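**Student:** What TrEMBL records for this protein is below:
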type     : residues : note
COMPBIAS : 1-12     : compositional bias 'Polar residues'
REGION   : 1-83     : region 'Disordered'
TRANSMEM : 122-147  : transmembrane segment
DOMAIN   : 122-689  : domain 'Major facilitator superfamily (MFS) profile'
TRANSMEM : 159-180  : transmembrane segment
TRANSMEM : 187-205  : transmembrane segment
TRANSMEM : 211-235  : transmembrane segment
TRANSMEM : 247-269  : transmembrane segment
TRANSMEM : 289-308  : transmembrane segment
TRANSMEM : 402-422  : transmembrane segment
TRANSMEM : 547-570  : transmembrane segment
TRANSMEM : 577-597  : transmembrane segment
TRANSMEM : 603-624  : transmembrane segment
TRANSMEM : 636-659  : transmembrane segment
TRANSMEM : 665-685  : transmembrane segment
Amino acid sequence: MDDGYRNTNQVSDDYRYQDGNYDAPNDGYYRGGDEPAQDEDAQSDVTEGHDEDDEVYEGEYQGIPHPDDIKEKQKKRAPAMDDEYRDRADLMAERMEDEEQLAHQYENIIEECGHGRFQWTLFFVLGLALMADGVEVFVVGFVLPSAEKDMCLSSSNKGMLGLIVYLGMMVGAVLLGGLADKLGRKQCLIISLAINAAFAFLSSFVQGYGFFLFCRLISGLGIGGTLPIVFSYFSEFLSREKRGEHLSWLCMFWMIGGIYASAMAWSIIPHYGWGFSMGTKYHFHSWRVFVLVCALPCIASLVALKFMPESPRFLLEIGKHDEAWMILKQVHDTNMRAKGEPERVFTVSYIKTPKQVDEFIEIQSSTGTWYQRWLVRITTILKQVWDNVLYCLTAQYRMNTLMLAVVWFTMALSYYGLIVWFPDMIRYFQDEAYESRVKIFDEEEVSHFTFNFTLENQIHRNGEYRNDKFIGMKFKEVRFEDSLFEDCYFEDVRSSETFFENCTIISTVFYNTDLYEHKFINCRLINSTFMKEKEGCHIDFEEDNDFLIYLVSFLGSLSVLPGNIISALLMDKIGRIKMIGGSMLISAVCCFFLFFGNSESAMIGWQCLFCGASIAAWNALDVITVELYPTDKRATAFGILNGLCKFGAILGNSIFSSFVGITKVVPILLASSALVGGGLLALRLPETREQVLM
């Protein structure tokens, strides 16, 4: 019986001490090598289950201290208490102290690793992901003029398609940003890019509007997570002296994405014949080729990311010391070899790791069904993400979070509202100029004539057309008012913005035309016949593709290059706060000059100036958001703020576009007021350029 009792105690002892957190020195450092062996007396006491000061009661002691005696024993014999018996506030206080020590030690380690080939490789890999985000913003705007014809989109459908991407990006930023703090930067970025690539690819082939809308929504959800993850990921490989500058250089890839999208649209979409058709139901036109090409940066980043390591700073947060140390050694050795110093040794022998306070529950394979186990895991992870969201609003971070939220929102409302308003205003000026050149024909009489050419931008009033033929022709922006058509014949006619108002149409045949019922307004149709109407929607004229919209987007993206360079060079010299405040106030001044923009060229010029002035604020916002939050909350906070940014973009697009052709006062005053308010509030944020990454 004595042997059985001793064996039971020994098994229990093995279970208790299999984790090094219990028998290792409780200083939070990672040390290589074997654990020191217990001295003989201590081992004997544990094996027997009692010592001189502790009485054993039969049937009670099973290798675990009696609950009533825990605190007494810990005070007498254990300098470090077991975590499961400690108050959570004490554990959090100890974790905060560990975090402070780790932050400074990690900064020293990154400085020892140096800045070289590894960071530049990661820079280009993550840059491609950021480029994919920039491309996504422009894709729908470029394809709408062609897609609306292929899918027969109404004005409301076009508006929804334009906003659905931002809605997906808003949800994706919050969800995937939060998951990156729990599952890891690399893993969540791969998930994000894979979702975007898959559904962007699929959207180029689907024919129906509903399915296309769904694909763009999920594609936006995927790409929405890239921005918070990319900046969190890259910042954790940068030292304090390099962080502001190189995060600003990384922002240039968003500009490159805009330039890439504009250039590809300009090169591909006007070539409507670049595609194929399968019968009358399936069409793959040039705009679908453009959608495919726009997915290439995302796919390239996804492939390259497979060769990049996880963030060691994140691994240290979750207690994976060995993996973090190996990655840091890889960074060090890669940079040293590139510098021609392969003999330099990585001198770090231990790394401080924070106290782990999260509770992890391992679900055995025999517990429930597979979907029940996954449901528990998913629910647990989502709860942890939600806890992180709430943590950003605790007393320690509440004020910074609220101020950043206002600055992000005001920037997005003004910037995204104006970059949509600029092209709309340019198009409005074009329409005004086009209408000023309209040709008006009054009381013309035409008989026994064959029209087989294009009629464009004309108004025909009180005309009479008898025994005329309209064959293989095009009507573009043509109106017939109070006119008579008698014994006429229309065959293979295509029309755009063409209407018949208050006309009388007698004994006329319409064969294979797109002159549908809604194009006859208050008309009298007497003995007239419609035969074999054209089905679906059709691209009317290849020249309808507006090259100016591609040029405007291209110049707008290119104009941020000077601002990007200036902000990168000055970010660590003048600080993040002055950069945000100064950039937003200069942008507000640029808005007032829009009152003098009364032509296409003037609007293009002011758009370029506004974009160039505002980019420094965007870059500084990205940097300060990364630096204000600790590692285990960084991507979550960035995701929340970026999601709010996309909500501001949705509001800006909706509000500003509704005033096109009505007044310029409201958009200009709204944008400038938001920028001034956000810029002044930004000056109250704490400066972060001298602090280590927590």
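Placement of Cβ uses the backbone N, Cα and C atoms for every residue, glycine included.
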**Student:** Hey, which bits of the same chain come close to the transmembrane segment (247-269), Cβ under 8 Å, at least six residues off its ends?
**Tutor:** 123, 126-128, 130-135, 137-139, 142-143, 146, 230-231, 234-235, 238, 286-287, 289-290, 293-294, 297, 545, 547, 550-551, 553-554, 556-558, 560-561, 564, 567-568, 571, 615, 618-620, 622-623, 626
**Student:** Out of 187-205, 211-235, 289-308, 402-422, 577-597, which stretch touches the transmembrane segment (122-147) the most, going by CB pairs under 8 Å?
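**Tutor:** Comparing 187-205, 211-235, 289-308, 402-422, 577-597 against the transmembrane segment (122-147), the winner is 289-308.
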**Student:** Do the transmembrane segment (159-180) and the transmembrane segment (289-308) come close, with at least three CB pairs under 8 A (pairs 6 or more apart in sequence)?
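**Tutor:** No, since the transmembrane segment (159-180) and the transmembrane segment (289-308) share fewer than 3 Cβ pairs closer than 8 Å, they do not count as touching.
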**Student:** So what's near the transmembrane segment (187-205) in sequence-distant terms, Cβ-Cβ under 8 Å and 6+ beyond its ends?
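**Tutor:** Apart from its flanks, the transmembrane segment (187-205) reaches 129, 132, 136, 139, 172, 176, 179-180, 212, 215-216, 218-226, 229-230, 233, 284, 288-289, 291-292, 294-295, 298-299, 301-302, 305-306, 310, 635.
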**Student:** Counting Cβ pairs under 8 Å that are 6 or more apart in sequence, does the total for the transmembrane segment (402-422) and the transmembrane segment (665-685) reach three or more?
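**Tutor:** Result for the transmembrane segment (402-422) with the transmembrane segment (665-685) is yes.
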**Student:** Same-chain Cβ contacts of the transmembrane segment (211-235) under 8 Å, 6 or more residues past its ends?
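**Tutor:** Those are 122-123, 126, 129-130, 132-133, 136, 140, 147, 151, 160-161, 164-173, 175-177, 179-180, 185-186, 188-189, 191-200, 202-203, 243, 246-247, 250, 298, 311, 622-623, 625-627, 634-635, 638-639, 642-643, 646, 693, in sequence order.
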**Student:** Residues sitting near the transmembrane segment (665-685): Cβ under 8 Å, six or more positions beyond its termini, same chain?
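**Tutor:** Answer is 400, 403-404, 406-407, 409-411, 413-414, 417-418, 421, 576-578, 580-585, 587-589, 591-592, 594-595, 617, 624, 628, 655-656, 659.
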**Student:** By a Cβ-Cβ criterion of under 8 Å, what residues six or more beyond either terminus of the transmembrane segment (547-570) are in contact with it?
**Tutor:** 134, 138, 141-142, 145, 245-246, 248-249, 251-252, 255, 257-259, 261-263, 265-266, 270, 419, 422-423, 426-427, 430, 579, 583, 600, 604, 607-609, 611-616, 619-620
**Student:** Six or more residues beyond either end and a Cβ under 8 Å away: which residues meet both conditions relative to the transmembrane segment (577-597)?
**Tutor:** 407, 410-411, 414, 418, 425, 563, 567, 570-571, 603, 605-606, 609-610, 613-617, 619-621, 624, 664, 668, 671-673, 675-676, 678-680, 682-683, 685-687
**Student:** Limited to the domain 'Major facilitator superfamily (MFS) profile' (122-689), I'd like the whole-number average of pLDDT.
**Tutor:** 82
